[in-house]
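**Student:** Below is one structure. I have some questions about it.
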Amino acid sequence: MGAAPSRIVDNLLDDTNFDRAEIERLKKRFMKLDKDSSGSIDKTEFMSIPGVSANPLAKRIIEVFDEDNSGDVDFQEFITSLSIFSGRGETDAKLRFAFRIYDIDKDGYISNGELFIVLKIMVGTNLEDEQLQQIVDRTIMENDVDGDGKLSFEEFKKAAETTEVIQSLTLQHNI
């Protein structure tokens, strides 16, 4: 391992919840996923991760993992994002990641339209659009403390704390 990769691992030790052995193990998994050896995982490679392709929010998850908006997920982005979901991940970081799934335009708020889009992805054709819109409207109305018609992170966080969202954002598997 050269100086640059060693420095990356050292940075990841400081910035994540993983120890050196876990990072090395995840690096091997990352390299297996990186089928074209480009140093990053594209959408197709990301979808080959077990359980990801079946997740209706897979596209949004990839976009949130991709911090620099390059279209691919590099090793640092991969490890940093996975760290959030480890058992040692902080609740606030887990909720911020979930918030970013909904905040499609990255303006720091979840609008009525964004909430509708993400929930539509999740429920598919199981609900009529009118029913879904009623749920979205009620969700915004019940949680929009400042009355601006959208949810800030703090409003989202308060709403999520009353549900089992935090538990569902923790990986239960040994990495």
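Positions of Cβ are set from backbone N, Cα and C atoms, glycine also.
Under the heading domain 'EF-hand 1', Swiss-Prot lists 21-56. The Ca(2+) 1 binding site annotation in Swiss-Prot covers Asp34, Asp36, Ser38, Ser40, Glu45, and the record cites sequence analysis as its basis. For 58-88, the entry in Swiss-Prot reads domain 'EF-hand 2'. The Ca(2+) 2 binding site feature in Swiss-Prot is assigned to Asp66, Asp68, Ser70, Asp72, Glu77; the stated evidence is sequence analysis. If you look up Swiss-Prot, you'll see 90-125 marked as domain 'EF-hand 3', on the strength of sequence analysis. Under the heading Ca(2+) 3 binding site, Swiss-Prot lists Asp103, Asp105, Asp107, Tyr109, Glu114, citing sequence analysis as support. Marked as domain 'EF-hand 4' by Swiss-Prot on the basis of sequence analysis: 131-166. Feature annotation from Swiss-Prot assigns Ca(2+) 4 binding site to Asp144, Asp146, Asp148, Lys150, Glu155.
Map these features onto the structure and tell me what's around them.
**Tutor:** Under DSSP, the residues of the domain 'EF-hand 1' (21-56) split into helix, strand and coil as follows: 18 helix, 2 strand, 16 coil.
Residue environment of Asp34 (Ca(2+) 1 binding site) contains 19 other Cβ atoms, counted within 10 Å of its Cβ in all protein chains.
Residue counts for the domain 'EF-hand 2' (58-88) under DSSP, split into helix (H, G, I), strand (E, B) and coil, are 19 helix, 2 strand, 10 coil.
Residue density at Asp72 (Ca(2+) 2 binding site): 19 other Cβ atoms are found within 10 A of its Cβ, drawing on all protein chains shown.
Counting residues per DSSP class in helix, strand and coil order gives 24 helix, 2 strand, 10 coil for the domain 'EF-hand 3' (90-125).
Counting every protein chain shown, 18 other Cβ atoms lie within 10 Å of the Cβ of Tyr109 (Ca(2+) 3 binding site).
Beyond the domain 'EF-hand 4' (131-166), the same-chain residues lying 6 or more positions past its ends with a Cβ under 8 Å from any Cβ of the stretch are 91-92, 94-96, 98-99, 102, 108-112, 115-116, 119-120, 123.
Its own atom aside, the Cβ of Glu155 (Ca(2+) 4 binding site) has 20 Cβ atoms within 10 angstroms in the protein chains shown.
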**Student:** Around the Ca(2+) 3 site recorded as Asp103, Asp105, Asp107, Tyr109, Glu114, what other same-chain residues have a C-beta within 8 angstroms of the site's C-beta center?
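**Tutor:** Here the non-site neighbours turn out to be Tyr102, Ile104, Lys106, Gly108, Ile110, Ser111, Lys150.
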**Student:** If you count the other Cβ atoms within 10 Å of each Cβ, which of the binding-site residues Ser38, Ser40, Ser70 comes out on top?
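**Tutor:** Of the binding-site residues Ser38, Ser40, Ser70, the most buried by Cβ count within 10 Å is Ser40.
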**Student:** So, three-state DSSP: helix, strand or coil for Glu155 (Ca(2+) 4 binding site)?
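**Tutor:** Helix, per DSSP.
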**Student:** By DSSP assignment, list the helix, strand and coil residue numbers for the domain 'EF-hand 4' (131-166), in that order.
**Tutor:** 24 helix, 2 strand, 10 coil
**Student:** Mean pLDDT for the domain 'EF-hand 4' (131-166), as a whole number?
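**Tutor:** On average, pLDDT over the domain 'EF-hand 4' (131-166) sits at 89.
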